[in-house]
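Colleague: What follows is a single structure, and I will ask about it in a moment.
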Amino acid sequence: MKLIQKIGLILFLVGITVFTVLPFLGNYTLTETQVRENTKDIHTEKMIEILAPMYGQKYSSNFSFLTDFNKHFNEYNDQLKDQALWDQVIWDDYSFPLAKTALASPVSDNPWLFLFLSVGLAALGGLLYNLPKYQGEPEGVKNNGVFKSSMKNRGWMGMLTGAYLILFYVILYWFPAYLVNLVAMVDPLSVILSGNPASQWFLYGFIYTLAIIVMGVRMFRKYRGNKYQQLRTASVMFFQTAFAFLIPEILVLFNQPYFDFKNIWPLDYDFFYDYQIDTFLSSGGVGMFMLIWGILLIIIGVPLFTYFFGKRWYCSWVCGCGGLAETVGDPYRQLSDKSLKAWKYERYIIHGVLVLAVGMTLLTIVNYFSGFALLGNVTNQLHSFYGFAIGSVFAGVVGTGFYPFMGNRVWCRFGCPLAAYLGIVQRFKSRFRITTNGGQCISCGNCSTYCEMGIDVRWYAQRGQNIVRSSCVGCGVCSSVCPRGVLKLENGSEEGRINELPIIIGNDSIKLNN
Amino acid sequence: MKSNRHVAIIGNGISGVTCARQLRKLDDNVRITLISGESKYFFSRTALMYVFMGHMKFEHTQPYEPWFWEKNRIDLKEDWVNEVDFENSTLNFQSGESLAYDDLVIATGSKPNKFGWPGEDLQGVQGLYSKQDLESMEKITEKGVNRAIIVGGGLIGIEMAEMLSYKKIPVTFLVREKRFWDNILPKEEAELVGRHILEHHIDLKLDTELKEIQSNQNGQVKSVITSAGEEIQCQFVGLTAGVKPNVDFLRETDLEVNRGVKVDSYFRTNIPNVYAIGDCAEFHEAPGEDRKTVEQVWYTGRMHGETLAYTINGKPTAYQPGVWFNSAKFLDIEYQTYGTVPPQWKEDEVNSFYWEAPNGKVAFRMLSAKDGRILGVNNFGFRLDHAFFDKAIKGKWQADQVISKLQKGMFDPEFFAPYHIEIQKAYQKASGRTVQIAKKSFIQKLFGASV
């Protein structure tokens, strides 16, 4: 390893360590004023009363602070629940805003410094590690040593990485109050972009975007000389940075609704939720445009683009989940399960999620127009069930945390309802297919091994058969790793798209009736 | 044919397996047994190098999941065949068991050539063909190898060189010929590959033969002595000077064996109901003008198996290969060939057009007859479409026509450099005739790579 790479690795590890330690710094002191400022009006008086014993006390860690907070808060709520006074129970979670305002730490005093020492060093280290890769070697995609690597072949390093990611997601989604130090660190950045202090989602979006950029650089190095991979990587980097991260924040700065123009229902499952619709409708022309743009994407954009280019136009060129999978997840793509059994499960699960998403959305819309007469409060519970099961557990914890265990497209392959929708169009009405080069396949298995979607590409290639599968995201890696130049991604005429040749080119012994 | 016959196939390589699969497709009742001592399940031999280099695990080289065999009722027998009792139609295995057959298919493949070099059986000296060879190579190169020597400049040799380079083991490559693989490749192509080998810091010694392998006191390889009299210290020697049919266990039986098992164009041997296909078969007459009597290529093995299944199934079918094709990868450079491109040709009978990109890694050659019809192409560093060239060569297209339509014959991914335009321009200049030159598409102008 080159010296620069070693330095990069050290910087990266230092950054990650600082990032991991930061949440434990500083102390917490809560005052009545802070409670007043950070609670909804209807809860203010009650919360001031509940938390009274905590005022002025100095807690030396987030654990002691949040334990005490939860004790007081739960005592109050449990009492009401015991008496079945459901309407008086406080369902809002105030732990995050109160912990954030009560925090006094070196991080909140010097946010830029700590941002540099943690995320900054990790990103810098990552770049220093990735940039000199393959220097002085001829161009060519090499997967040397992938299956001998502890990181990339489910060794202890991979397990550790997976465990770390899962833990991070669990805390981020369900216990964000423990991360207030990290959120404080990105506060000034958030203020610059949107004029508001950061939430845990801003922190997440920032790290997410940076991860795609740093690992995108790795893609440029690894696939140098391969124009398709280069352009595709540049595209996901651009869409994540501009559309998913910067534009929504800047919209907020201009007092417009937060909106990611490339996020499409049903992946964006709350697009039709009542509060979303209300936001669109109450934001004048821009809000109206967002609503119409979103609907046009769903009913015209998806089928039309998918007809012309296959679902790859979204999944491996635009989508944020895809963007992370294609960059951060690239080292793990070979871990996807290619067995027939996995394929069987895949079809049930992904279409199940699609049905669930559509059903839930229909109920929401009907409910909205019936003035909430249909379901009442059940809508909210349905929403929170879907948000928990699909939005958080599947898309987040499993989707990303499982990279080192089951490959980088677990979410896209088994869970994404939009992928299911795009896939149905792709399978039945599209000009896209992967073509195979006559009889040139040697069944070596590189294509199948490196297919992140778990498609047994070789099964088709060794028959000289075009590959038309609803799950294919068109990443093009099968074509890149093929040592015989057998595979090519194509948009052609629908005619001849599905071919089943019993005998492939080169053998004139057997004549077939065609 | 009676449907409940028992077909035993010795060898589960591409030939044997294709034959078994095709047979099952044609006949639901025939009993099929696939025999191999090398590995229980079929794997792609050509992918062994990728297992060594950690691109794949051995399981990944197996094209079918284990349930496939049971589902298709193809019995797998993991054992070595010691001898074939042709008189009693019985196979005797190393384990002591035996198996009766009605039809026998011999598909035992090849083994590495050895030419009686002194020291060729020492520890640390091996070829690369079987799974066992791979395991041996992995063990030997685990540690303590400071230099490796590869003898013989062919496809397995360059694969072995790449494998050893992955382990950062310095490699010296002894090639008897003046240029790399120049018994197959024309001069320019052979030189292109030679340059690329050097670019990978592999010590390519052309025009050099192996004279002797010397051992240390433990019977391990210590050094080799070349025809130039040079002694090179090494701990590993790869013998890759071609392969020969793996048929020694069939010699001294009633079966007619020369270099390989002698077969006619129906893969029939001199014994009824005994057939041979793949690497180990030797045709009485070459199956085509530009073909050899022993075909040792993955693709031909597949076609042998495909064809023989029809004969066994009672529809005697002669082997008629179509237009020749082959492919390989030399380190980072992909190579494909369609039709007939010999290393040398008679200038008064054949026109040659050769184009090479300025980077020296992308090249195209087309040979055509004096009457203008295309004979064959070689391409390096980019991809050409098999179906297109199969049609062009079979249809005896004029060279000008092929070049004019070259865009349709490209198989490179989107956004790749439009090599066909450069080739068309170069062809027009070289031939003095006008051909249609493709235009860059809008996307190519916007994003496409340049040559």
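Even glycines carry a Cβ here, placed using N, Cα and C.
Feature annotation from TrEMBL assigns domain '4Fe-4S ferredoxin-type' to A:432-460, A:463-492. According to TrEMBL, the feature transmembrane segment maps to A:7-26, A:112-131, A:156-181, A:201-221, A:233-254, A:288-309, A:348-373, A:385-405.
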Colleague: Give me the DSSP three-state residue breakdown of the domain '4Fe-4S ferredoxin-type' (A:432-460), ordered helix, strand, coil.
Modeller: 8 helix, 5 strand, 16 coil
Colleague: Among A:112-131, A:233-254, A:288-309, A:348-373, A:385-405, which stretch has the highest count of C-beta pairs below 8 Å with the transmembrane segment (A:156-181)?
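Modeller: It is A:385-405, which has the most Cβ pairs under 8 Å.
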Colleague: What residues elsewhere in the chain lie close to the transmembrane segment (A:112-131), defined as a C-beta under 8 angstroms and at least 6 residues from its ends?
Modeller: 4-5, 7-16, 18-19, 22, 106, 182, 185-186, 188-189, 206-207, 210, 213-215, 217-218, 221
Colleague: State the residues, same chain only, that lie 6 or more residues beyond the ends of the transmembrane segment (A:385-405) and have a CB under 8 A from a CB inside it; answer 'none' if no residue qualifies.
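Modeller: For the transmembrane segment (A:385-405), the sequence-distant neighbours (Cβ-Cβ under 8 Å, at least 6 residues beyond its ends) are 151-152, 154, 158-159, 161-162, 165-166, 168-170, 172-174, 269-270, 321, 324-325, 328-329, 332, 335, 353, 356-357, 360, 411-412, 414-417.
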Colleague: Quick test of the contact rule: Cβ under 8 Å, at least six residues beyond the ends. What residues does that give for the transmembrane segment (A:348-373)?
Modeller: 265-266, 269, 272-274, 277, 379, 382-383, 386, 390, 394, 413-417, 419-421, 423, 471
Colleague: Using DSSP, how many residues of the domain '4Fe-4S ferredoxin-type' (A:463-492) fall into helix, strand and coil, respectively?
Modeller: 5 helix, 6 strand, 19 coil
Colleague: Averaged over the whole of the domain '4Fe-4S ferredoxin-type' (A:432-460), what is the pLDDT?
Modeller: 96
